[in-house]
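For reference, TrEMBL has these:
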TRANSMEM  A:31-50  transmembrane segment
TRANSMEM  A:62-83  transmembrane segment
TRANSMEM  A:89-106  transmembrane segment
TRANSMEM  A:113-136  transmembrane segment
TRANSMEM  A:142-160  transmembrane segment
TRANSMEM  A:181-207  transmembrane segment
TRANSMEM  A:236-258  transmembrane segment
TRANSMEM  A:270-303  transmembrane segment
TRANSMEM  A:315-332  transmembrane segment
Amino acid sequence: MSSIQATDLTGASLGTRVGSGIRSVLTSPKYGPVLVTAVLFAAVFVVGGIRYEGFFSGQVFLNLLVDNAYLIVLAVGMSFVILTGGIDLSVGAVVALSTIIAASLLQSGWSPGVVIPLILVLTSVLGLAVGLMIHVFQVQPFIATLAAMFLARGLCYVISKDSISITDPAFVALAVTRIPLGGGLSITPSVIIALVVVLVAVVVLHYTRLGRTVYALGGSEQSGRLMGLPVARTKVLVYVISGFCSGLAGVLFSFYTLSGYSLTAVGTELDAIAAVVIGGTLLTGGYGFVLGSVLGVLVLGVIQTLITFEGTLSSWWTKIFIGGLLLVFIILQKVLTARRR
Amino acid sequence: MSAVFARLIASRLFWPIVMLLVLFAINLIAFPGFFAITIKDGHLFGSLIDILRNGAPTLIIAVGMTLVIATRGIDLSVGAVCAISGAVACSIILGSPDPANGATVAVAVTVALAISLVLGVWNGFLVAVLGIQPIIATLILMTAGRGMAMLITEGQILTVNSPPFKAMGSGFWFGVPIAVIIAAVVFAVAALLTRRTALGMLIESVGINPEASRQAGVRARGLLFAVYTFCAFCAAIAGLILTANQTAADANNTGLFLELDAILAVVIGGTSLAGGRYSLAGTLVGALVIQTLVTTVYTVGIPPIATMVFKAAVVAAVCLLQSPTTNQALAGFRRRLALRAGKGIAAS
């Protein structure tokens with residue numbers, strides 16, 4: 001009798017322990033928002049699958065990656081910046097600049113083997129300039145990256161006002177190639193590039209000194225400095241990383257559209273920021289995961305797909321939905337982190 | 001003499017005004033009649049008047065933005081609020097049987113402004129009550145707002161033919177453009193309300209240290225509501241002027257990037273994005289610098305497509321000149337100069 005009671009008790013206490021364990025994971029500022037995003041993504045996908053014929057298929061999921069490969073790369077770069085507590089408004093303009101540089105250089109006969117590295121170097125240098133402006137001259141990230149945004153958009157117009165199509169065989173081949181995964185499923189090379197970027201970012205953030213320093217900077221720059229962490233180098237480096245990612249995203253975007261256009265990707269910086277926020281990264285820095293940002297991109301993508309499947313909804317509903325979703329997530333983050341404190 | 005000069009350089013308005021004067025000088029060289037103001041048909045005409053008139057919407061928003069930034073906030077949604085107010089006004093005017101009637105226009109303008117107050121209260125609620133970071137709180141309305149504006153216009157560009165409405169954008173009153181008068185009134189109201197009363201100081205205290213000011217008994221929550229509502233109200237006025245000027249509401253493009261111009265005007269004017277002390281006069285100079293910049297591009301004959309590169313250069317220059325690092329370097333340089341001069345006197 002007493003032994004049964006004892007086992008009951010331990011069972012109950014185990015239950016409460018598991019319960020409180022789940023609750024503490026869900027309310028932790030570190031894991032909570034990411035888990036909620038994952039649950040939401042799954043829920044939206046299931047709802048779509050129930051409502052629409054043919055929604056619940058592997059290819060629809062893979063198309064999310066295919067259509068948003070460039071945004072995933074952008075969100076990775078943005079995650080680095082936001083983790084340090086900064087922000088980068090220039091990414092959309094840099095994407096446009098990359099597409100137009102690619103298109104115009106390819107048009108004048110340069111080889112893609114030269115053009116792509118050149119773009120990546122150029123955008124990294126732009127990121128370096130922004131980083132130096134922020135660190136050395138203590139210009140606020142918002143303003144410094146705003147100046148970079150004007151510069152990049154302006155250079156787009158200077159290079160070409162009109163859309164230039166890309167006919168280079170290598171680019172076209174990369175754009176139309178489909179890598180079969182078996183079972184009728186396929187992805188594009190861009191998806192593989194994007195996934196490699198995500199993998200590298202995860203390794204860098206979690207298994208290197210640079211990654212630890214990025215999180216430490218977001219937690220408290222002052223403490224980081226007192227601990228002897230390379231604050232200056234890291235702070236500049238995250239903007240270089242963001243610049244590099246924007247350049248790479250621009251290249252992927254030009255694979256996707258096969259053209260360069262100065263007005264392309266207007267407002268993409270907001271999509272990237274929204275994806276990072278929905279993915280559970282705190283804008284004050286210090287908490288968040290790159291995989292969360294990838295989930296954020298997928299959530300944005302799945303909403304777009306839902307609206308396409310619905311058919312009767314106009315495209316401007318997308319904006320209202322994304323705004324509403326942002327609101328829900330931010331309030332959720334607020335509630336989760338407020339409980340902790 | 002050198003003390004006066006040092007105080008002048010230390011003033012936050014020094015570099016913005018220098019920038020404005022440099023831009024004026026460039027214009028004057030490129031176009032000798034730049035400062036000429038003539039009266040045609042009883043209206044004032046001239047490059048300076050054009051700068052004032054075209055800069056009016058930016059200035060109006062920048063005034064509201066200054067107060068928001070002073071509380072350590074930011075409002076990214078002003079461009080979207082512009083689009084919404086324009087869309088509301090135009091759809092009401094279009095829906096009425098008599099678009100040219102003054103009363104119709106008055107109703108349209110009033111409704112548009114009232115809606116902006118609701119939007120401002122919404123932003124204030126997110127920031128003051130829920131405690132969401134301002135940049136994100138207003139990002140929500142920035143994203144969703146354009147969608148709402150498109151919902152109102154049903155994705156169309158609404159063209160209105162209403163002389164009283166058009167006057168708001170391109171009309172004159174006693175020879176002065178009405179847009180300039182509206183901007184002047186908004187500026188004067190903001191300046192009087194915040195500088196002739198304790199309101200400005202309270203706003204600054206919230207920006208400098210929210211916690212300390214709360215403990216000192218400042219009602220930070222109410223102040224935050226007030227500044228975000230005022231900012232949205234300013235944005236709606238600017239949106240109406242812009243829409244009236246084009247006589248059409250374009251949900252996609254009305255006020256596009258205007259939030260960035262407004263924030264730039266505030267920053268060029270020497271108000272720190274970190275909150276605290278603000279300068280409405282600085283914002284006025286900042287807005288004029290931005291508008292003069294655009295005009296300069298045309299008078300000097302720089303291809304208009306390069307405007308943004310030019311703007312980036314000016315923003316970078318002003319920010320670098322105002323940065324603490326540069327100020328320290330300059331101060332060090334002046335000290336060494338003074339030291340050397342002192343030694344020179346001692347030697348002779």
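Quick reminder: no glycine exception, Cβ is built from N, Cα and C everywhere.
Unlike curated records, TrEMBL annotations are generated automatically.
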* To do: Kindly say whether the transmembrane segment (A:181-207) and the transmembrane segment (A:315-332) touch, using the definition of 3 or more Cβ pairs under 8 Å where each pair is 6 or more positions apart.
  => no
* **Any contact, the transmembrane segment (A:270-303) to the transmembrane segment (A:62-83), with at least 3 Cβ pairs under 8 A** => yes
* Asked: Which of A:62-83, A:142-160, A:315-332 shares the most C-beta pairs under 8 angstroms with the transmembrane segment (A:113-136)?
  -> A:142-160
* Recorded stretches the transmembrane segment (A:236-258) and the transmembrane segment (A:62-83) touching, at least 3 CB pairs under 8 Å -> yes
* Asked: Which bits of the chain, at least 6 residues beyond where the transmembrane segment (A:142-160) starts or stops, bring a Cβ under 8 A of a Cβ in it?
  -> 87-90, 92-94, 96-97, 100-101, 103-104, 126, 129-130, 133-134, 239, 260, 262-263, 269
* **Intrachain neighbours beyond the transmembrane segment (A:315-332), with Cβ under 8 angstroms and 6 or more residues off its ends** => 33, 36-37, 271, 274, 277-278, 280, 299-300, 303-304, 307
* **Folded-back contacts onto the transmembrane segment (A:89-106), same chain, C-beta under 8 angstroms, at least six residues removed** => 70, 74, 77-78, 112, 114-116, 118-119, 122-123, 126, 130, 142, 145-146, 148-153, 155-156, 159-160, 164-168, 171, 242-243, 245-247, 249-251, 253-254, 257, 259-270, 272
